[in-house]
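Novice: Have a look at this one before I ask anything.
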Amino acid sequence: YGHRPADTLHGASVMVWDQIEATPAHLTYLILPSFLITYALFSRFIRDRLHLSEPPLAVLLGIILGPFVLDVITPRTWGMEDNIMQELTRVIVGIQCFAVGLELPKFYFSRHWRSVTMLLVPVMTFGWVVSSLCVYFVFNTTLPTALVIGACLTPTDPVLAASVLSKSQFSGRVPKRLKDLLSAESACNDGVSFPFLYVGLAILTNSSTGAAVKEWFLITILWQCAFGISIGVFIGHCANRVLRFSESRDYVGRATFVVFYLLLAILAIGVGSTLGSDDFLVAFGAGYGFARDGWFSIKTKTTKFPDIVDLMLNSAMFVYFGADIQWTQFIPRDITPSITYGRLFGFLILILLFRRIPIVLALKRWIPDIKTYREALFCGHFGPMGVGALFLAMEARAQLETKSSMPLPEPPKHHRPYSERAKAVELVWPIICFVVLGSTMVHGLSVAAISVGSHFSRKEDERAPLLGAETDGLGGMEHEGGGGESEPSDEEENEVQSD
């Protein structure tokens, strides 16, 4: 270009620059894959040496790129942001619930129903009551509002639980029965939490007690929960038989066989949401019914497709969440004068300490899969609140705003005197959002803290050469015979394959 006039070069450069359209969506396409590629390049080092999982890193990236810092990713300018958040959380939690049902050992619930039931009934109920009382006293709310917000914080999150307990050096130090128990609980209790949520919602949205009780029992218990899990298991079982039929006649290609997992998960979510049933129980039931006999797990034993889907969806969700945090909602406003950073931090500490740990320690002797008090402390602590809590918060807001599952497209404008429903609408999101942010960081960094603490608790000559590089089982836990008694034996696997 040396012989061309300078103005020609300048004009060409202006034309090229005019073709660059750096829209928020285009920047997201650029940044998110860059983050995932970087994480993939160092994933084993990050997980096994730094003992970090992707959710805290993704949230930090979202915060840095969001409006609060660099203002690169700005979900609030895309339009319909509440609907985007609601549907993203619905799909991601639903797929994760399906995946847990798929990956549990064969006939898991027939062998471990006592342990799972203890975590789903007394432990969840205690967590709901404690969380609601903390909301009531810390934020000076009415009891129905506290019950709604407490219900959003009751379930443990399958997305965060999977990131902490997934295959890594640390997870190999935890007995498999504990990982299976926490995974099964996290997949079930997102759906089981709906009865707790709708207690407060029924009180806030119905004028009479009789109508509230009738709606809660008929709609929430029978239709959403009982029918949801039943239709999910039925869908999964039918899909299992159809896929086995096609596979036995060589009608199914390898790629189709693998992607069948994702398609069935989304189908189950669609059935649940279309029928107005519990999406997460339908998805979990479909996954468990589909893989209950162990056949699909054996056929896809060497396939990492579920891990790939989880990494992409979960990381995208947490980046979006980090960018979407509305920091101005964490300061006092006219309608929410009790929301302050001091109260939010104090509330987070109370929830982390008292929501699960005391009740799991107290019930340890009645939970067969928990053998020691160290295991009870571990299971009590690893009850993260994440994407599932965000979905329940959106569901609560939608029910309070429109008495349906669709929130208003724009935040409603409230006028004095503020009704209890208006106050609840404005309180639920900032409280849940702050707790999810704190839980993501605390539980995401707990693995590193436990690994470092375990390293320095040993005598100097017994420590691994690198900090936190120990591979033996965590102390205070029973590892003999506690790893995988629910797994199919080689004889059972051969028998299933021959079928």
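Glycine residues also receive a Cβ, built from the backbone N, Cα and C atoms like all the rest.
Grabbed the feature section from TrEMBL, which reads as follows:
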type	residues	note
TRANSMEM	27-46	transmembrane segment
DOMAIN	40-450	domain 'Cation/H+ exchanger transmembrane'
TRANSMEM	58-78	transmembrane segment
TRANSMEM	84-104	transmembrane segment
TRANSMEM	116-139	transmembrane segment
TRANSMEM	216-239	transmembrane segment
TRANSMEM	251-271	transmembrane segment
TRANSMEM	344-363	transmembrane segment
TRANSMEM	375-394	transmembrane segment
TRANSMEM	427-453	transmembrane segment
REGION	460-499	region 'Disordered'
COMPBIAS	487-499	compositional bias 'Acidic residues'
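Help me picture these features in the structure, burial and contacts included.
Specialist: Nonlocal intrachain contacts for the transmembrane segment (27-46), taken as residues 6+ away from its ends with a CB within less than 8 angstroms of a stretch CB, comprise 52, 54, 57-58, 61, 65, 72-73, 311-312, 315-316, 319.
Long-range contacts of the transmembrane segment (344-363) within its own chain (CB-CB distance under 8 A, at least 6 residues past either end) are made by residues 118-119, 122-123, 126-127, 130-131, 134-135, 138-139, 153, 156, 330, 370, 373, 376-377, 379-381, 383, 385, 430-431, 434-435, 438-439, 442.
Proximity of distant same-chain residues to the transmembrane segment (375-394), defined by a Cβ-Cβ separation under 8 Å and at least 6 residues beyond the stretch ends, is recorded for 55, 82, 85-86, 89-90, 92-93, 96, 119, 127, 151-153, 155-161, 164-165, 174-175, 178, 181-182, 190, 193, 197, 280, 314, 317, 321, 351, 355-361, 364, 367, 407, 428-429, 432-433, 435-436, 439-440, 443, 446, 474, 476-478.
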Novice: When each of 58-78, 116-139, 216-239, 251-271 is checked against the transmembrane segment (84-104) for Cβ pairs under 8 Å, which one has the most?
Specialist: 251-271
Novice: Which of 58-78, 116-139, 251-271 shares the most C-beta pairs under 8 angstroms with the transmembrane segment (216-239)?
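Specialist: Per the Cβ under 8 Å count, 251-271.
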Novice: So if I exclude everything within five residues of the ends of the transmembrane segment (116-139), which remaining residues of that chain have a CB under 8 angstroms from its CBs? That is, six or more out.
Specialist: 109, 145-147, 149-151, 153-155, 181, 184-185, 188-189, 192-193, 196, 338-339, 343, 346-347, 350-351, 354-356, 358-360, 363, 366-367, 379, 383, 427, 431
